[in-house]
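As written in TrEMBL, here are the features:
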REGION    1-793  region 'DNA-binding and helicase activity, interacts with RecC'
REGION    1-22  region 'Disordered'
BINDING   36, 37, 38, 39, 40, 41, 42, 43  ATP binding site
REGION    452-484  region 'Disordered'
REGION    875-919  region 'Disordered'
BINDING   942, 1091, 1110  Mg(2+) binding site
ACT_SITE  1110  active site, for nuclease activity
């Protein structure tokens, strides 16, 4: 068994360290910076803080904002926060005697600090916390957990005209195509015309300059325009950069687009604007009381400007409405600030650090065994990673003891320069040393997984492209009995993709299973070349040279000998096959082609997979071939590309692959099997592994002649010197640029060294690249004898210089040996003894348990379902038995589902009624009479009404409907493949849009409602009886349970009689019964889409009401009579509504609106804000000249002033609550 425990060990005293953050401290207020270290549980801390803010402070989740810096991290963070809330709620429910939960110690003894805090206290306090957590989970969709860019986009859309932002602007992730286009145009305009001067820049240099200038629009370009005595070429380069930047912005605006960097800059300008900024800041602060930002070390100056303006220095007093103090909590680890190449700037973090009102540190490592931490302390020696404020400090260890045995916790392996070519300075050439190092890496991996090294950590199959698999936080890891260390427990971390390839090949030579993870573009692989060769042959199959080249590639499967032996006959036969493949590609696409080329052939009996999997690296190549094929297939289908266009597209991707960061084009793992993972350090960030090997931290090459330099001016502003050689202060700027690169390399080394949970090995080698290498600088920048933990002598800021002289191997061994001897034995220094023997790995034999048939032990929950209005009423519509809606269905929402119901309902009564209020309707002809109904016709009408903004239509002037409306109708008519009179439909829609909507809408028409007050297509997924957590619901709702609610709250008035029809539906009467009838529980989710929600002013007083709108294309009346407005009198529409169970639909839609407003609208009151429902039978809406009845009703407009109490009661019933709060 393991001798690891979870008793924290305090680190050595460090008087310069920030105070440690303790979860039990008072909740943060004002601006607080939590400075983390690797493995200290940033995400766990954020989730715990959210739980405390919700449970203890009573913070509504819609007042919470949690931000991070990537979509992948956002997904993980959202899942982790929700899971923490669920766990806390369930544990408190168990303590209160509610639902069952895993047995836990007494509250005061709970090992989980958060749960211990929430569980202590009297029953009333615990019940209050439980209720707050349950409410937060019920409305968790209202919590804003987003990326920085997502937040900025949402804010600009919310501010609208106040931010001078067009909501139709398309946000584009990559503007490089526009930059390339501008660079090409400018270059030709300047030097591509007759009589032009000799080009001062090559096209490549011009393009590179354009990319740099446009990539960071907030950075000032140097030399400045007003700078004197600037030589001609640097001045020209700066002018080009500024011109390109301005033109790119102009073209983006003209195209209605905006880049991510522009998005951030625009919001910063809005918030800092002296006129509109205060109002925008006040709105943000009112919406978000508590803001937590994860991975803050990856921020940049503009992101910090946004956060500072919006939330820093805000009044931190407790809000009267929530009692929660305002807080901005920034969580980050500056030692892991490694994304400078993406625009991140650690100086922005340090500026925020200095501005924060409270600075705390997460001081306990949750990841690594204590001996590993002590060994790392000896290696890192309290160094500062680029700035005296970014210091490596010792951490307390939660895991005392070891979980990995048979190898030292931390090893430094010194590779001697013996027998290698040396320079005059006695330094080894880099290529030869790299080969020696990777050979030793392979030998060490074989030793690690040979059976002698054991661990108690559970064996996990990690996916290197899924960082969320990395554990984070205090719960102790599950341990198992001693087992041999397996390949899947080992990771090799490298700096570059080329180094990863070297390591992979070395491990394959000793037969160790290995996978390469990371974000290498699949278009940089041999597979992309194989596909290009195939497409070239398919493009011109008559060319023998192309067919022969194909024969020698992966798809052909021949080598030179077999191709020569086959002669012309083989080439002719393969040419016929290539022609067949070309026809297949043309007729059935790339997918069918990929399937065909993988099959065996007469000349190659082994298929593609069989041939490749028999080769070293074959699994990798097969994975890449299939991946490229999939991308080609998707592109060909999307863009309609033939073979020539597809080949041109592929060539462009290969050319641009060096700057390709699109996830779907990053290489996939070739295997899920337990294998050594080879990752770049950037890809490993956030992950952990039982054993980590870092072979190249000694190796750093630096471009001595950069074309631009990133610097900061005297005021700390970020600048980019694009002037180049000869520009003002160029040499000084290059030195600053190099210093920043070297500092980031130190932080990358820190990331690599801190991934290990149980064992770490790093290599040192003396080469021409070593002096700048981060590990060398960390190890040897101080003289022997200097403190290995705390800073050195006074005046020593702990920052290693950019270059440290490389001593002899013996001197290095002596210095490192002295450092190891000063510790507790956790660090071991070893000299690599000559070239290792290439001993192949032999997997240890494992006992195989006998096979037995699996026994089914689960209970199927057959009552949980995803349902909808259409499914609930399917039997009544003669649509077969009701049941769950398949995932992805929109059966409740029109047009896909309910539109069809509209068109197949039986016609209403043919004889006009008399005497009923509002039934005295004149027989005004309907413009829709000649338009036949169908499901596709309903889809067409709904699509037009969804896309159209009726308020943009000009006033009726007698000349006919608006041209833009007709064009939209024509577009959607063609899309549906319908043959009808577009002018007639346009006229009918124009009249419907101008028909008064009656008293419920204050007499307004649809054209009177501006876009800001109209929300089209409100999709919803409402949890029924707890949704995914049915155990949290106290009741068991049924559809039949709505009947008494209807009778109680609607005893009279329109649709009062629907209670009988609903009772008949649920009791198995003539109308049949749907899901939820006969006592069947409604559990799971209710899905649907409201056609529109209108925000209308209250007629007699202040405030606003929200009205549900649903469009119906039903044809009432009798088929043999012309359609008139009289067919849509109130009684006829009410009869049609009841027959189709539309009142149930209207109620469900209003429940969805109620929950939406409850989550989103501050101060929401159902009695004031719920405005009822308007069912618009558009065929009966005959225009503005219609005369309303005495009671204000209008033909075609079925208005229902739904009692708000009914909506609230129905919502509570469907949620499984009996009489809860709204």
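Each Cβ is built from the backbone N, Cα and C atoms, and glycine gets one as well.
Model, not experiment: these values are computed from the prediction.
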Take the C-alpha atoms of residue 36 (ATP binding site) and residue 1110 (Mg(2+) binding site) and report the distance between them in angstrom, rounded. 52
Using DSSP and three states only, what is residue 942 (Mg(2+) binding site)? helix
Cα proximity to residue 41 (ATP binding site), best match among binding-site residues 942, 1091, 1110: 1091
Distance from residue 942 (Mg(2+) binding site) back to residue 39 (ATP binding site), taken between C-alpha atoms, in Å: 53
Which of the binding-site residues 942, 1091, 1110 has its Cα closest in space to the Cα of residue 37 (ATP binding site)? 1091
Residue pair residue 42 (ATP binding site), residue 942 (Mg(2+) binding site) - Cα distance, angstrom, rounded: 47
Quick note, residue 942 (Mg(2+) binding site) and residue 43 (ATP binding site): C-alpha atoms separated, nearest Å, by 44
Here the Cα-Cα span from residue 1110 (Mg(2+) binding site) to residue 43 (ATP binding site), rounded to a whole number of angstrom, reaches 43
Tell me the Cβ neighbour count for residue 43 (ATP binding site), meaning other Cβ atoms within 10 Å of its Cβ, over all protein chains shown. 24
Taking all protein chains shown into account, the Cβ-based neighbour count within 10 Å for residue 40 (ATP binding site) is 25
Please work out which residue of 39, 41 has the most C-beta neighbours within 10 angstroms of its C-beta, and give that one of the binding-site residues. 39
Report, in whole Å, the straight Cα-to-Cα distance of residue 1091 (Mg(2+) binding site) from residue 40 (ATP binding site). 48
